[in-house]
Amino acid sequence: MEMFTVFLFYMFSLVLANQEERLPNKCEVCKLLTVELQDALDKTGRSKEVVELGEVLDTGKRRRKIKYNTSEMRLTEAMDNICERILQYKVHAERPGSLRYAKGTSQTMNTLKNLVEKGVKVELGVPYELWDEPTVEVAELKRQCETMLEEHEEVVEDWYFHHQDKGLERFFCEAHVLKDSDQECLTEIWKGDMGMKGSEEESEGKDGKETHDAGEL
């Protein structure tokens, strides 16, 4: 029984770790912002829709037609409420660095929920029905995401219209937002339970930099 109590205390300490000391940093925010924005754009990248621009004048001049997948409308729709998607992330306290932010329930929380289902009384300081609500860390991720996007919206637009040959993370984070800041988190890639940084060869994308799939985070 004593060992079981110690185990529970350890699990609680992972969940209730001092969140003020582990709020997301600029690199982590930038990384997740680009992951979500790229994912939103990828979902509409193959659209064959055509967008008509301008008004039909009395002169009979026709409205200009452009492809949706290269239009400003596509970018605007992708960016709309993009930071709301950050609220889908959970804190995986058992993972290192930026990998602690991922979608899906963490191993720690799964363990605690299984204990509850077995009739074990678990106290986390919040009602059970609120366990899946966004944490302080995730709420801060969203807030910083909104601020970052507002301050660097022109950089996103520049990439979209002129530099899509470069990866979004590389152009937005490395070359601009984090140009004079720590970029270590950009090299972190989830490799199963190990949570190790991928090697340079394994993590390279088409532009020579690591790519991230929103579904993997």
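For all residues, glycine too, the Cβ spot is worked out from N, Cα and C.
Bear in mind that the values here come from a model prediction, so they are computed numbers and not experimental data.
Lifted from Swiss-Prot, the feature list:
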COMPBIAS  205-217  compositional bias 'Basic and acidic residues'
DISULFID  C27-C185  disulfide bond
DISULFID  C30-C173  disulfide bond
DISULFID  C83-C145  disulfide bond
REGION    194-217  region 'Disordered'
SIGNAL    1-27  signal peptide
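A map of Swiss-Prot features onto the structure.
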{"residue": "C27", "record": "disulfide bond", "Cβ contacts under 8 Å, 6 or more apart": "S98, C173, L178, S181, D182, Q183, E184, C185, L186"}
{"residue": "C30", "record": "disulfide bond", "Cβ contacts under 8 Å, 6 or more apart": "M148, E169, F172, C173, V177, L178"}
{"residue": "C83", "record": "disulfide bond", "Cβ contacts under 8 Å, 6 or more apart": "L33, E36, K142, C145, E146, L149"}
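The most densely surrounded of the disulfide-bonded residues C145, C173, C185, judged by C-beta neighbours within 10 angstroms, is C173.
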